[in-house]
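According to Swiss-Prot, the protein carries these features:
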BINDING   59, 60, 88, 89, 90, 115, 116, 117, 118, 330, 331, 332, 333  substrate binding site
BINDING   104, 140  (1,4-alpha-D-glucosyl)n binding site
MOD_RES   170  phosphotyrosine
ACT_SITE  354  active site, nucleophile
ACT_SITE  409  active site, proton donor
SITE      478  site 'Transition state stabilizer'
């Protein structure tokens, strides 16, 4: 009799079966041998994914048809001018359509009950063939629950919802314009290295109000293009009743937020970005939903289990929101159709999936430290229904548009999250490197500059699995929110309000802040990943935190804005940080370090506070020492020949001290140093980041 296999082990026969079932599992295990004991988990996940895909094929005609739910569910104009309506409300006793078209008579247009909890209604056109429910009409679905309660609801498939005056709840507005927006530009090519500008339309104006899609299109997109970003991540687009939720309490999943304008204006924004060569990603929230019932998904059919788990499992205690039941056939249809809707109707080029950690585990990541022990990523704590949904979503996105981009926000470090589905992975293109901003905040908050640990910085910036692509960032919207601080605020604090004028001498605080702000962002950009992200305004050290209007601040918009005009004022030092960000991005576009293999770090010297590495044929040198500069400092390189400075944080246009002569040529010699065959001598002043390029390199 064979010996029993302990948890965390895998018999040879079981491993062989897993390798036979998962086409490229061998490649995954070759890249990460520590995953070998969990081969059966990958086998089970992959088989379950294929079973679900095959079931969709047998029962729905394939995922292509299945993901077009928005073409039949909701309300649609027919060729004859009539209206076809369809809903899924398994807990309802009766379903009706009402609105201003029938003077809000709740029961005059009943739906017909179909199988599997579906209901449909056909409303013929008027005798003159005109529409009974014209564009802009207000509508409601009326639900008669099994207990006899009459509920007024917005269709989960509503394409546009609006709130007028002092109304607390949103209204469903029928969106069927006579002249819908026609896209003029094709999608841009997939960037070889993504440089993402994390954006929020509503806060994009310096005025104390909610900005519009049009404002963003005509005033912010040109700035993004000028700064050298090739991708924008649009936050808070899916409709959310509570503005201060930052777009993370979704009420209408198919509706573009009306507080910024119309659906056609959002399409113009995306199309204009495409004309500039900018890829557009949507921040998609499928990890949870708002608890709102009158203008949300919650209790749509009068039960708590329509789209969500019933009972405690259906509630996220920390977020005070509802949790989807990913094993439900109709929930899968709803979510996959939602993904496709944003790709096809609005022209988005991919997604950043929010709250993936919460989806992956039954514990939702709450109270979990995630030590990196691989047993934390497998077993009963994993919500495999949610995992299969994410695999299906990635499969759909990359099948429809192979050049699309998907990014996972996962703090746990789930292995194979960004591996191909054929390897047993989940299929994301990138994951967010969420430990990096925490490290910078920790250093600024807890350590003196002279106590910064160079090895620890390098470890944090390079701690990623081989061939698992990461989006690096020094800070995102999370650090900008009230209760936290941006890097600029940690560095310069209150002096940002008094000492940013070029007419006044540098104070020690402002000098330190401006120099370290550039260095932190450059080393994160160059060493931290295969993509880079910045939250709007942080590139120039935006002087205030972010706080949306709410009761606690008397509904003030003062901190819910971005003061881009500060960079346009020649008398303020914000322009220096803005200039640096632009040139850093444009140099990456030219040299392509984000798409190059991971850097070779040749030096992390604790006493000298020096970090040196090579990537994409460039030599990066950072001197984090607060006071020591070094002449003739030897730095290793693989390349012989002549080098020149191509980026210098100490340059005058970046608010530096101009201590380096850019006409200087550096010659490497065949003198081995720090495991490099060649080396060169450089002058590296304190608090300076430097990039050298071999003059014989093609770029």
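We number each residue from 1, going along the chain as drawn.
Backbone N, Cα and C define each Cβ position, glycine as well.
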Exercise. Given the substrate binding site residues 59, 60, 88, 89, 90, 115, 116, 117, 118, 330, 331, 332, 333 in the record, what is the largest Cα to Cα distance, rounded to whole Å?
Worked result: 20
Seminar exercise, completed: If you measure between the CA atoms of residue 59 (substrate binding site) and the residue listed as 'active site, nucleophile' and round to the nearest Å, you get 30
Seminar exercise, completed: Of the recorded positions 140, 354, 409, the one whose Cα sits nearest to the Cα of residue 331 (substrate binding site) is 354
Problem set entry | Alpha-carbon distance [residue 170 (phosphotyrosine); residue 88 (substrate binding site)] in Å | 21
Problem set entry | From recorded positions 90, 116, 140, 333, 354, the one whose Cα lies nearest residue 478 (site 'Transition state stabilizer') | 354
For this session: Could you measure between residue 116 (substrate binding site) and residue 140 ((1,4-alpha-D-glucosyl)n binding site) for me? Cα positions, answer in whole angstrom.
Result: 22
For this session: Whole-number Å only: compute the distance from the Cα of residue 118 (substrate binding site) to the Cα of residue 140 ((1,4-alpha-D-glucosyl)n binding site).
Result: 17
Exercise. Residue 104 ((1,4-alpha-D-glucosyl)n binding site): which of the recorded positions 170, 333, 409 is the nearest Cα neighbour?
Worked result: 170
Problem set entry | Secondary-structure category, per DSSP, in which residue 333 (substrate binding site) falls | helix
For this session: Could you find out if DSSP has residue 90 (substrate binding site) as helix, strand or coil?
Result: coil
For this session: For residue 140 ((1,4-alpha-D-glucosyl)n binding site) and the residue listed as 'active site, proton donor', determine the Cα separation and express it in whole Å.
Result: 35
Exercise. Out of 354, 409, 478, which of the recorded positions has the smallest number of neighbouring Cβ atoms within 10 Å?
Worked result: 478
For this session: Tell me, if you would, which residue among 88, 104, 116, 170 (recorded positions) has the fewest other CB atoms within 10 Å in the structure shown?
Result: 116
Exercise. Around residue 140 ((1,4-alpha-D-glucosyl)n binding site), how many other CB atoms lie within 10 A of its CB?
Worked result: 20
